[in-house]
Each structure stands twice: as C-alpha cells, then as structure tokens.
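Trainee: Below is the structure I would like to discuss, written out as structure tokens.
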Amino acid sequence: MVSKLSLFRANSLPFPVISSYSARFILKPYPKPKTLIFCVFSSNLSSTTFPYGPSLLKGKKPVLDDIRLASIGRDRDAHRGKIGEFDESIEKDVLLNEDEFTRVFEISAIRVPAKDCFALENRLRGHLLNWPRIRNIARVPGDEIEEDVVKLLGRETDEEEEDEDSVVDSVNRRIRGKAEGDGERLSSVLHRDKLARTFNSTGYLKFRNLAKISRPKRKRKTERTREGKEKEIASRRNEMAVVEVVETRGGEEDFEGLLGEGYGSRGRWRGSTRLLLLDEKYSGEEVQDLPEAIKVLFAEAKMADASLSFELVKCRLTLFYDYWPMIEILEAVLPKGMIVPSAFEMVGHIAHLNLRDEHLPYKRLIAKVVLDKNQPKIQTVVNKIDPIHNDFRTMQLEVLAGNHSLVTLVVENGLRFHVDLARVYWNSKLGTERQRLLLGFDQNDVVCDVFAGVGPIALAAARIVKRVYANDLNPHAVEFMEQNSVVNKLEKRIEIFNMDGRRFIKAMFSSEKGQKVTQVVMNLPKDAAESLDAFRGVYNDRHRDEGLSFPTIHVYGFSKASDPEFDFHERIRIALSEVAVDVKMRKVRLVAPGKWMLCASFILPKNVAFSRKNLSYVD
C-alpha cells in the first residue's frame, strides 16, 4: 500500500504498524506499537522537491532476501543484549527493525590514482558528493592488490623498483657498522657512539613514532556465522555506509573468478586507486554530460599518460541505520504531527527523559533510538514517572532501555561525584548556576550549605574557602557526600551533618562555628524560602555590641506568579518577618511554562538575627 507524499511534511514519515497476529497494515497510528515497525513511502518522487543531501524519503529500500530476513533474528538477540534484564513481555511490546532504515542511492564516481586523490578532491570539491559523515574519497575491494598478484596481472609502469642491493647495504650499515665498499669496519666503540647519537631519553630521535608503529595491533573479535554471506552482511551493518562499484565504462577483463569478489572488471592493473564520489545530480551521466571541470580532468589525464586509471564508474551507496541521526529516525517512527523529543539530560551514563503523555505509548521505541544513537556515552535511558513530592527530592524513574544501574559517576567543576538517581537528587542543568555561585566565594569565606545533597556546591567550595559545613536530611545523600569527599581528597576541609535544615541552622549559629560563617547556601527551591524563619533570633544569646559579622544568604525558590521576582521577595520578607530586606534577585532558568527558578542573595538583617520571636522546633 502506498501513501501520498503530499500528505506528509518534509522529513516526517508515518509508520504503519504490523501486528504480531496479523500481516495487515493498520493505516492509522495505533496507540501502542507492536513487534516490527515498517515504513511506507510513496513511489512517485518526481513531483516532490527534497532538500540537498541524504534523506529517508529519497533513497531506495533494498529488497529483503532470505539472508537479510534471517538477520532480523540477530537483531532481536542484539536487542535482548542491549536491554539487559528486561522481561520478554516488555521486549515484545516494540522492536525496531533496523533494516527498514537502509537506503540505497545510485551515484557516479571517478576512479583515480590513489596518489592523486587528495589533490583532485580539492580541485573538484564543488562537484563532489559532500554529504554529512560521508567521505568524498571512497575505497572499494580491489583498489589495492598484493605485490604477487600485481606481477601476475602484469603491471605497466615506468617507475623503477628499488634496488635490492641498496636495501642490503642499508641493513649492513645499521647492524654491522659497514657495508661492502665502505672500507674498514668501524670499531665497536665508535659504532656504539654513532648509534647512541640517534637516541634520546624518550627513544629513537629520528624515529619518534617507532614505539607506536611497533606496537602490536589490537585483536578484533570475529563473529562465527554459518554462511559467508551472513558474515558479510553482519560486518556491513556495523558500518554507517558502504560504497560498491556496479558498472564500469568500456570493455575490460574480468578477474572475479581468479581473485574473488570485489576484483571483477578492472582491466590491467595500473596501481592503487580510489573513488571520488560525484554529486548525486550526476548519477547516470556520461563523461560528455558532466561539468567542464570534470571533462578537462579526463582530457588532461588522457594527454599526459594513457596508462593513468581515470574512468567514470557507476556506484551504489548504501546507508544503514547507524548513519541516520536520532531526530530523523524519531520523526520517521512517531506519528505525523507529534512533537519529537529531541533533548534529554545526561547524568553520567544515564539519559534522563521527560516524555509527554502523547509519547508514552512509544516510550520504549524512543528510548531504544536514544540509546542506539548515543552509545557508548549513554548506557541507560530512564523517564520520570511522577513529579517530585517527597522530602528527599528523589525522582520516581522508569528504566526504558539499557542496563538497570542508576549508580553513575558525574564530573563537574573538576570533581567526581558518585550518585544514585534512585536514592538521591541530582540536576546537571544547574551546573552553570553552581559555577556562578562559586565565583562569589574567596579563600577567607566559611560556607554553610544547608541542603547539600551529594555535595556539588559544598565540595567545590571546599577547594576555595577555609571551611565548609554541609548538611542534608537524606541519609543516602550524606553517605554519598562522605564518599565523594574522600574520592576528591577534601574530607579534611568539610564537616558533614545529617539533620533537618531548620535544626541545622539553629545548631550551627548557636555554636562557636556559626560566628565564622560568611556564606549560607539554601538550594532547595521548594522549601528553602519558608525555612528562612530559622534565622530569627539565632544571635539572641549574644550581645548586640560584640561586633558580630552577619552572613550572606543565597536562597533558591520557584515562582509561578506573573511577577516572579516580586512574589519571591514577598515570601522572603514574610519568612523573616522583616520588611526592610535588601535582596539581589536573579532569574536562574525557566523550569516549566510560567514557572521560574530564582536565586535571592541578601545579608542577614541584624533585626532578624536578634529577634525575640523564637520558634519552637518539633522533632
């Protein structure tokens, strides 16, 4: 069944779904995708204008033969390996068939000598393919042959072979210190001195890359398959693109029976060659129909040396699933008109998605594409199920693809943080804001972090300031913060507490430690502003004339008001029971439509610190 392209916007492909119980197509997108997903494209492309470059709509789909259908079973096994411990019931919900994204493009190419390919590439740059992630210079089987086979084919060249005697003389001079005709042999002392001059402390002076060149190559694991063709297809699938020569112009000898596949109609061997891939608009053209620059190239080659292997060939460029970017795959998979989830947060090896309700029927399909297109950096894809409501600010996450490990390592501001997203809170989007806050600290400061989490601010500040006092209510966060302080060798510069934020403020400022605190950070946007009431009366047991210093407080909060700065300022004044509070307000980021995250910085007012309106704290 063929759908009309005029109904679809560019680069958006509706995917009908094939049920595992029926082979009929379902034209309307079903809310829950099943088993294998296939594309339907229009066969009438002449009336549609496509942008330059490759597209899933422009290429031809290869015909699925028996071997390619058999490879789908390998895809299913590979899928099981990628999703780790997922149940088979989950796997049956959706399986993306990567073969459906293979596209074949018919193009033309010029076969040129390998030694001239880079110069010719610069000369013909405007007439070459110039597709993203596709090199204009391509290699195919048969462009290089071993020397023994070249002699068998009878190479015609004017270049003289290197004299074997000169090679022997060079070896003798290197090993024995002399060669025939050099006169007397060097003494052992002079020979060692001569060799020593070619060395330095790092190895060979004249051959600095000798150690790298001499290093043995890595052994690659080869898959064992029953048939050679299956092995060839499996190796191709690991590549983004493959170029094959389909047809050459002119009569030539066929060496396929002698040398095997890939060494077909090549004529007499004239040396190493490469392919210069021409623009797709020149596909199927003869030499006389090509641009003048290319015709001049052929004319110059013919006049200079008739033995040069300049010839126009017809090629087949195959682009596999790995070539297409994530956005294009998702646009093809999701129904027409649906917003493509293109952005996600990275926490170590974990990709954190925030999918809309319309994406939920396709969540595992989306997660697989995200995992495939971002490996090996991404090994786990999760989605937040519900908004954050608990006191520990931990998120309810659902693992959609990859392994189930939510313990990861995050590097920020040159520090390493071990986090477990299932038990602690972490937001990579606030990395820039944390860095901005740290720029306001100096070596004379003493920092008190009331809601420290796993320590992104506290540990980073410990490298700058005199002392850091960090606290968090979540015992798991405290455990990870202690571990991170040891990992980053900062355990001697930070003191960690596990208690409620209000009680921590009261206990800290009622002790001698609180007298030295110059900076207070309260990064808990949901409740931090309301926790400011804990500062009322913190200096009641001291005299007003002691010359006390009052800390600068940095408090974060959310606001959905039309004027978020005014709303947040009012909440701060209400919590402190003080009207005259000079606050520096700053918008941090837009969390959701109409919801801002803000940062307010102010010096603790003297009237608040000596207020007699003490609160009674309840366990």
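Numbers here mean position along the shown chain, with the first residue as 1.
Just so you know, glycine gets a Cβ as well, placed from its N, Cα and C.
The structure displayed is predicted, hence computed values, not measured ones.
According to Swiss-Prot, the protein has these features:
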TRANSIT   1-10  transit peptide
BINDING   Arg434, Asp472, Leu473, Asp500, Gly501, Asn523  S-adenosyl-L-methionine binding site
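Can you tell me where each of these features sits in the structure?
Mentor: Counting every protein chain shown, 22 other Cβ atoms lie within 10 Å of the Cβ of Asn523 (S-adenosyl-L-methionine binding site).
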Trainee: With every protein chain in view, how many other Cβ atoms are within 10 Å of the Cβ of Leu473 (S-adenosyl-L-methionine binding site)?
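Mentor: I count 19 other Cβ atoms within 10 Å of it.
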Trainee: Suppose we draw a 10 Å sphere around the Cβ of Arg434 (S-adenosyl-L-methionine binding site). How many other Cβ atoms does it contain, all chains included?
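Mentor: By my count, 17.
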Trainee: List the same-chain residues at least 6 positions away in sequence whose Cβ sits under 8 Å from the Cβ of Asp472 (S-adenosyl-L-methionine binding site), in sequence order, or say none.
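Mentor: Non-local contacts for Asp472 (S-adenosyl-L-methionine binding site): Phe451, Ala452, Gly453, Val478, Met481, Phe497, Asn498.
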